[in-house]
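These notes concern the structure reproduced below.
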Amino acid sequence: KDFSKQFSGFSSPIAAESFNYKKFFEMVGLKKKSPEDVKKVFHILDKDRSGFIEEEELKFVLKGFTPDGRDLSDKETKALLAAGDKDGDGKIGADEFATMVAES
């Protein structure tokens, strides 16, 4: 099942250095999704299935929603990681991701 089809509202390109995860989650409708759907999105973004979204995976977060999404810059990636990594372990767990979406 192509989960990204549920996020068809996301088609506009995001200009370089302008990524804002709160606006992005709102734009793709993630905030209105059920906890189960948010968890599904987490697993899509967790490419190596480690149970965490690491910095390398965060760089490609836009591609999780649209194949032609751009890579985040290092600055944007680090800002996203800092926003989501509540326990300071350098990665975002499923609960941290759910909290980040809920607080967006």
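Glycine too: its Cβ is placed from the backbone N, Cα and C atoms.
Listed in sequence order, K91 are the same-chain residues at least 6 apart in sequence whose CB falls under 8 Å from the CB of S50 (Ca(2+) 1 binding site). Marked as Ca(2+) 1 binding site by TrEMBL: D46, D48, S50, F52, E57, D85, D87, D89, E96.
Counting every protein chain shown, 20 other Cβ atoms lie within 10 Å of the Cβ of K91 (Ca(2+) 2 binding site). The annotation Ca(2+) 2 binding site is assigned in TrEMBL to K91.
Residues annotated as domain 'EF-hand' in TrEMBL: 33-68 (among others).
Using a Cβ-Cβ cut-off under 8 Å and counting only residues 6 or more beyond its ends in the same chain, the domain 'EF-hand' (72-104) has close neighbours at 16-17, 19, 21-22, 25-26, 30-31, 33, 35, 38-39, 41-42, 45, 50-55, 58-62. According to TrEMBL, the feature domain 'EF-hand' maps to 72-104 (among others).
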Other C-beta atoms that fall within 10 angstroms of the C-beta of D46 (Ca(2+) 1 binding site):
20
Using other CB atoms within 10 angstroms as the count, which residue among the binding-site residues E57, D87, E96 scores least?
D87
